[in-house]
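**Student:** Quick paste from Swiss-Prot:
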BINDING   22-28, 50-52, ARG315, 341-343, 423-425  GTP binding site
ACT_SITE  ASP23  active site, proton acceptor
BINDING   ASP23, GLU24, GLY25, LYS26, ASN48, ALA49, GLY50, HIS51, THR139, ARG153, GLN234, THR249, ARG313  IMP binding site
BINDING   ASP23, GLY50  Mg(2+) binding site
ACT_SITE  HIS51  active site, proton donor
BINDING   ALA309, THR310, THR311, GLY312, ARG313, LYS314, ARG315  substrate binding site
Amino acid sequence: MESKPFSLPSQSATVLIGTQFGDEGKGKLVDYLSDQYDIVVRYQGGANAGHTICFDGKSVVLHLIPSGIFNEKCVCVIGNGVVIDPVALLEEIATVEALGYEVKGRLFISHNAHLIMPYHKRLDSLSESAQGDQKIGTTGRGIGPSYEDKFARKGIRVVDLLNAEVLQEKLRENLAQKNRLFTTIYDGEEIDVESMVREYEEFDKIIDPYITNTQLYLNRQLREGRTVLLEGAQGSLLDVDHGTYPFVTSSNPTSGGACTGSGIAPNHIGKVIGVCKAYMTRVGNGAFPTELFDETGEELGRVGHEFGATTGRKRRCGWIDLVAMRYAVAVNGITELALTKLDVLDGFEEIQVCNSYTLDGKEIFDFPTDHETLSRVKPVLTPMKGWMASNADARNFEEMRPAAKQFVEFLENELEVPVTFISVGPGRNETVFR
């Protein structure tokens, strides 16, 4: 029998991830790059992460639908690693359609993705309130409790919406347990089972056209030569395994999560693009070695409009931390960097960069992987001259201010990764490619 020739993986998939604590500006980059890809995939997280896209004088925040939806040639996929709030999803679909963009036929939802239910949101809020000083700083969107049910093998998946009997049985089983928690542990009220069954049976009629086996779909598309961009939510330092545990999210924003959350094998990944701000921010609690508590930190927040796209919470601001970023580069296998919000630094006479820490009086260069140690480090800051002018008109690297170029080159040399994309303003075209 004649043997078939081996076909090598295309390596036509790219992973785009945040290298910091989230809010790095991934939405702008995905929106820009979606012209170059056939499919954009969201692979983890839920409606706890907001991606802001600016175009045609509009500013739009998406939480679940991939940012590529505003490129009419692009197909968008919500992968199996995402936890989906059906109410939030339908609101987003309506928002996108109201802007004149077709969604049906361009958005596919994994049948294996888990659902966020009303009881998950209530548990999230009650559990966070009970933590007192040890609060994680969750968004209260039910993300953590939904992932808890997923890994406890009690979760309700998108595919369950298609079978009324299975849905009813799972809802009743889950609510029996959750109502006991509400009444005995939290001294609250029960959720009515029958009203929730009726509500979620209605979702089937609306969401059914979008549901598909996205693992099979994506692998078929790759075999046929399509290109795929995998879009992460949050940032590497919030990864449940590799982040500042326990002050982390409940999923894996790192590059490994792109494979498990989409069903695309690692040998299809050709590039891993790491997105980083020219400074750093963090929402919620947890160690933040370069955090600024003075007027400089306030100024970064004011100029950078640092308020959460999902919660509206004020973000904590600090200088860029290359110790943390070296760790993110290693954990993710980052092949190139995208630098965002460089324009926020336009008005600073001096900029600081953290290249090492001190711990108990000793200089260290490696990122501590336990939160207790990380909370005790002090940043060693290197001052750099600011450029005190806008780079918004620059469209290539040579047109940028000399001090701004020196800043970019310093980051490249220290991280040993090329910076190929520089955002010099909020607008879609205020971008420098190298």
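Keep in mind that glycine also has a Cβ here, set from the backbone N, Cα and C atoms.
Note that this is a predicted model, so its numbers are computed, not measured.
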**Student:** To see if you understand the setup: which same-chain residues, six or more apart in sequence, place their Cβ under 8 Å from that of ARG313 (IMP binding site)?
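**Tutor:** For ARG313 (IMP binding site), the qualifying residues are VAL283, GLY284, PHE307.
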**Student:** Looking at the recorded positions listed here (ASP23, LYS314, ARG315), whose Cα lies nearest to that of ASN48 (IMP binding site)?
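**Tutor:** Closest recorded candidate to ASN48 (IMP binding site) by Cα: ASP23.
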**Student:** State the count of C-beta atoms found within 10 angstroms of the C-beta of VAL424 (GTP binding site), not counting that atom itself.
**Tutor:** 25
**Student:** Just to verify a number: CA distance, GLY25 (GTP binding site) to LYS314 (substrate binding site), in angstrom, no decimals.
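**Tutor:** Counting only the Cα atoms, the answer is 16 Å.
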**Student:** Whole-number answer please: how many Å between the C-alpha atoms of THR52 (GTP binding site) and ASP23 (active site, proton acceptor)?
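**Tutor:** Cα to Cα, THR52 (GTP binding site) and ASP23 (active site, proton acceptor) are separated by 9 Å.
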**Student:** On a simple 10 Å Cβ count over all chains shown, which one of the binding-site residues ASN48, THR52, GLN234 is most densely packed?
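**Tutor:** Buried the deepest by this measure is GLN234.
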**Student:** Looking at the binding-site residues LYS28, LYS314, which sits with the largest number of other Cβ atoms within 10 Å of its Cβ?
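**Tutor:** Neighbour-count leader: LYS28.
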**Student:** Which whole-number value in Å describes the distance between the Cα atoms of ARG315 (substrate binding site) and ASP23 (active site, proton acceptor)?
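**Tutor:** Counting only the Cα atoms, the answer is 9 Å.
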**Student:** Count the other Cβ atoms sitting within 10 Å of the Cβ of LEU342 (GTP binding site), across every protein chain shown.
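**Tutor:** Summing over all protein chains shown, LEU342 (GTP binding site) has 24 other Cβ atoms within 10 Å.
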**Student:** Helix, strand or coil: which one is ARG315 (substrate binding site) in, per DSSP?
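**Tutor:** It is coil.
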**Student:** Please name which of the recorded positions listed here, ASP23, LYS28, GLY312, VAL424, is nearest in space to GLN234 (IMP binding site), Cα against Cα.
**Tutor:** ASP23
**Student:** If one measures from the C-alpha of VAL424 (GTP binding site) to the C-alpha of GLY312 (substrate binding site), what distance in angstrom results, rounded to a whole number?
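**Tutor:** Here the two Cα atoms are 24 Å apart.
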**Student:** In the structure shown, which of the binding-site residues GLY22, GLY25, GLY312 has the fewest other Cβ atoms within 10 Å?
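**Tutor:** Comparing Cβ neighbours within 10 Å for the binding-site residues GLY22, GLY25, GLY312, GLY312 has the fewest.
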